[in-house]
Amino acid sequence: ADVSYGINKDCLLPMDVGRCRAKFPRYYYNSSSRRCEKFNYGGCRGNANNFHTLEECEKVCGVRSRDSPKEN
């Protein structure tokens, strides 16, 4: 079954850290867990599944935040 209906196609791209070696904290949508998760972005290349904040990722990818625990 195709569960990708109604979701932004950028959110279905695999997580891509890019070719550079910086470590910028970013978020991507994990289509397996259906959640936005943190990763370290290298700073160049990569793809569109790359968001500056958890909130932005959840908004664009339509994640229903059901009282998700805040990261400390």
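Backbone N, Cα and C atoms are what each Cβ position is placed from, and that goes for glycine too.
The disulfide partner of Cys44, as annotated in Swiss-Prot and taken from the candidates Cys20, Cys61, is Cys20. The DSSP breakdown of the domain 'BPTI/Kunitz inhibitor' (11-61) into helical (H, G, I), extended (E, B) and coil residues amounts to 10 helix, 15 strand, 26 coil. If you check the disulfide-bonded residues Cys11, Cys20, Cys44 against Cys57 (disulfide bond), the ones with a Cα inside 10 Å of its Cα are Cys11.
Within 10 Å of Cys61 (disulfide bond), counting C-alpha to C-alpha distances, fall the following of the disulfide-bonded residues Cys20, Cys36, Cys44: Cys36. When the Cα atoms are compared, Cys36 (disulfide bond) and Cys11 (disulfide bond) turn out to be 9 Å apart.
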